[in-house]
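Per TrEMBL, the features are as follows:
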DOMAIN    9-103  domain 'Disease resistance N-terminal'
DOMAIN    185-358  domain 'NB-ARC'
DOMAIN    439-510  domain 'Disease resistance protein winged helix'
DOMAIN    703-829  domain 'R13L1/DRL21-like LRR repeat region'
Amino acid sequence: MEVVGEVVLSVSLELLFNKLASSDLWKYARQEQVHSELKKWKTKLLEIREVLDDAEDKQITKQSVKAWLGDVRDLAYDMEDILDEFSYEALRRKMIAEVDGEVSTSKVRKFIPTCCTTFTPIGCMRNVKMGSKIKDITTRLEAIYAQKAELGLDKVAAITQSTWERPLTTSLLDEPWVYGRDADKQIIIDMLLRDEPIETNVSVISIVAMGGMGKTTLARLVYDDAETTKHFNVKAWASVSDQFDAMRITKTILNSVSTSHSNSDSLDFNQIQDKLREELKGKKFLLVLDDIWNEDYNDWNCLRSPFWSGAPRSKIVITTRSKNVASMMGGDKNFYELKHLSDDDCWSVFQKHAFENRNINEHSNLALIGKEIVKKCGGLPLAATALGGLLRHEQREDKWNVILTSKIWDLRCGILPALRLSYNHLPSPLKRCFSYCAIFPKDYEFDKRELIRLWMAESLIQRSECYGQQSEIEDLGDDYFQELLSRSFFQPSSSNKSQFVMHDLINDLAKFVGGEICFSLEENLEGNQQQTISKKARLSSFIRGRYDVFKKFEAFYGMEYLRTFIALPTDASWRLYWLSNKVLEELMPKLRCLRVLSLSGYQISEIPSSVGDLKHLRYLNLSKTIVKRLPDSLGNLYNLETLILSNCWELITLPLSIENLNNLRHLDVTNTNLEEMPLRICKLKSLQVLSNFIVGKDNGLNIKELRNMPQLQGGLCISKLENVANVQDGRVASLNKKEKLEELTIKWSGGLDDSHNARNQKDVLDSLQPHFNLNKLKIEYYGGPEFPRWMGDVSFSKMVDVNLVNCRNCTSLPCLGWLPMLKHVRIEGLKEVKIVGREFYGETCLSNKPFPSLESLSFSGMSQWEDWESPSLSEPYPCLLHLEIVNCRKLIKKLPTNLPSLVRLSILGCPQWVSSLERLSSLSKLRVKDCNEAVLKSGLELPSLTELGIEKIVGLTRLHEGSMQLLSGLQVLDIDECDELTCLWENEFDGIQQLQTSSCPELVSLGEKEKHKLPSKLQSLTIRGCNNLEKLPNGLHRLTCLGELKISNCPKLVLFPEFGFPPMLRRLDIDSCEGLRCLPDWMMVMKDGSNNGSDVCLLEYLRIATCPSLIGFPEGELPTTLKEFIISDCEKLVSTGGNDAP
């Protein structure tokens, strides 16, 4: 049964009263002679509001009351639409009056449509049939009012909060406490760490239980455990949900484990799977697949293909409600059924949330009631969490008893009673905000700020005063969000900490309370079945498809009152999506009540001018489309609050009519090709977020206009600063007074020569000092000789990120060592800096440790840099984790003497750097490219090093024994483009698990002598582009861990070793070996079931490509374990042995 009641009504009516309090609206109503009708509305609505609490309670058992509430809800929506039209007309008239009062109006006035400037009230009412609409509303209102008495609805003293106030406490994103799961956690960890005899490298562990039991929480506990993290090379987490999308899941896993930053959006499924296989190759990985519903074995078989390349003892943890799913995925051997919490543990969960900020001993009466409530939670931690969060600020005993004795406990409707109770007792404003989330599919990850803007567009956030001051609506929205988060209606995403999700059962609750108001267009309907949509639906969403034809949206025809039409996800990937033009040209104009319209990600090149007829529109998202310009009619959208045009790379101009959008609060033009901005954009006094302020030339937009935008928040880029002619204008901009700015980019245009006054640029940068609340600062293409002193001011106590790019004339770095919270510094293209020294650390810092919080530091493209000095009295960078030095070709001197926390070091393109690496006790990953060989000859005492990459090292003929023996923990070795390398090492090195050599043309042997063996623990061996390699070393059969062997572009390789087959080899890939004449005998199975030289063959994947000299296969049959067999471009091959592929 759908709940109607207060979900929309109390808030909706409050919104109507707020609108009816507008003096501009009443002025317009008197002009239209409808003010007497509005007075009747207000009077009757006030009396209806008084009985809503009684109606909400009675609807649970009386269908007639539920139907009455539905009628009230629909009437409130329709009233709001009409009052919005009144407000729109009132605002339009006000704008005309303001324009008429200006000295020059011709340029502005032309963007107001002629039909509007010649407006007559009677004509307008006739055109839009406003009179009949008002009469219809009045008739319906009188009928509803009369029915109130017939239903016996009375005014009651409400216990439920009718208003909402900011909480005194703030919620944490992740709960540090979990009760009753210690034993469960240890059992799963034991399964993960246990070595078990299996035929494949990967085993599956399944956690099975009903919804709300804490499967995801348990998986997260195991995933984050220190012992688990230490045991596995890489980890990844992917939420699967009931829509099994192999492409999305694979991409999520790839993004988690990838060591590169390449974009995978343009790749097809096979390419993404291949990249994932390469990333996992030879690595022992842990993968969590959360919330799986799909029982189709073919889907699972397709998804898991890349996983086989992992190292032995890799593990996959799945969470599911279905034992059939666990069995299908092979998790029945490591099956764990999660049990309900005991009442004591459930009480601990409830108590932690309900009594978080108070002493339970002082509220013993509440504790007694609470323990009775917990008994009704059925051992479900989600239920206990939700109810504990509901009551955590409640002091009244009667309120707790209302929860305990509620009739909802006895209902059977598919929704957990505890969750319904938690929802029913939400403060009224939060109910409607939560129910709006019914448009999101299960496991949909949403952004906090994006959701708040959607709430704003639907007028779900009630303005209020805090400490006597009017709060910004964005701040109130943030408070709403945090409150729903603290009550467990939202939770942080496990795979992306910057995003949020709803638990499946919470999502069910949202759809339950949203009812027919919310509609989600499904993608996977059987056959040609068409979805039907209720005429009462107001909010809708759909999943963006690759090719969305008009037929997909036929269900929306006739939905003239629809308010939200949104393509999900709002932040589209870089795949190409197409939308039928008929949707824009025929459907959109019919949806005249839209508040929210998002068509992000579609290949839309033109927006029709009819968009200007959507009077109610408050949120418009056209990001990642290919629009070049927007119609002038955009200026008719006086109610528009959010306009998102980010990543519209083709966009070259904004319409001048944008200056009419007085209510615009968020304008995002990040990554567009805008050359300039409309001159009068500074008129938009409501702007809170302006992603880019483009300074104009001559009489164009002046930087000093920023003074009129004191409320700017979030991120701001100020670009084309070469157009600032008067330094004083920069000071007038008053950036130091913009307290809510978190990120600031200060940018000159690239490609400027030194004819632009460098001193002027220094003064301009000096004048743009931001407020001390700034978190991130980026400066690009600055041409001044030095940085201003304000950059290193210790008062920037919140600064965490500094990025300096192509500041071509600076000879020294700014003093950043004083900044207490600075975590990330990137310095690129500062070509005139020769020494990094005390000016970087700050002299007054010498008695302390400079850069006390710095975690990542990157230098690149510093062509004159020679020396990196360390302060004599202190040791900087105590927390530095990642250090990167790229293309600093004159750098000679060594790194700072002690970097105790450094775990990743990359030195690329520094040919004169010869200093040894020392005192790097925590270093686990090292990459050296285009450097002097001396770096690798001595001083490599790095006991924690597990991964070493060597590339383009001139003079390197082999890895020296002295250095390699010091790398006792090395597991992964990658050698690439070392032209003089003839063998890998003088003596064998036994610890390596993954070995790859690429493009080493002089390599003839992996070991200097024939007796030298490959590392006994080797799991993966890849050899590419080694033109002189003639043979592999003997003893491959002794490599009991080798699971993958890949050889490509080795034209002189003729034969494989004569001895046996690596017993655990599962993948053999041979490509472009022109000289290879025959394959090894040991890969075939004799008719008696034996191998040539080996007792067993587990080969699953065999690929042979572009081997023109290959004549035939050895005697015998291909192994029965083979699952995939590929042969291509082997023109002389006439036989595959005694049998074809199984």
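In case you wondered, yes, glycine gets a Cβ from its N, Cα and C as well.
Worth saying up front: this structure is predicted, and the values here are computed from it rather than measured.
Most Cβ pairs within less than 8 Å of the domain 'Disease resistance N-terminal' (9-103), among stretches 185-358, 439-510, 703-829, belong to 439-510.
The average pLDDT computed over the domain 'R13L1/DRL21-like LRR repeat region' (703-829) stands at 92. Secondary structure of the domain 'R13L1/DRL21-like LRR repeat region' (703-829) per DSSP, as helix, strand and coil residue counts: 32 helix, 28 strand, 67 coil. For the domain 'Disease resistance protein winged helix' (439-510), DSSP puts the residue distribution at 32 helix, 9 strand, 31 coil.
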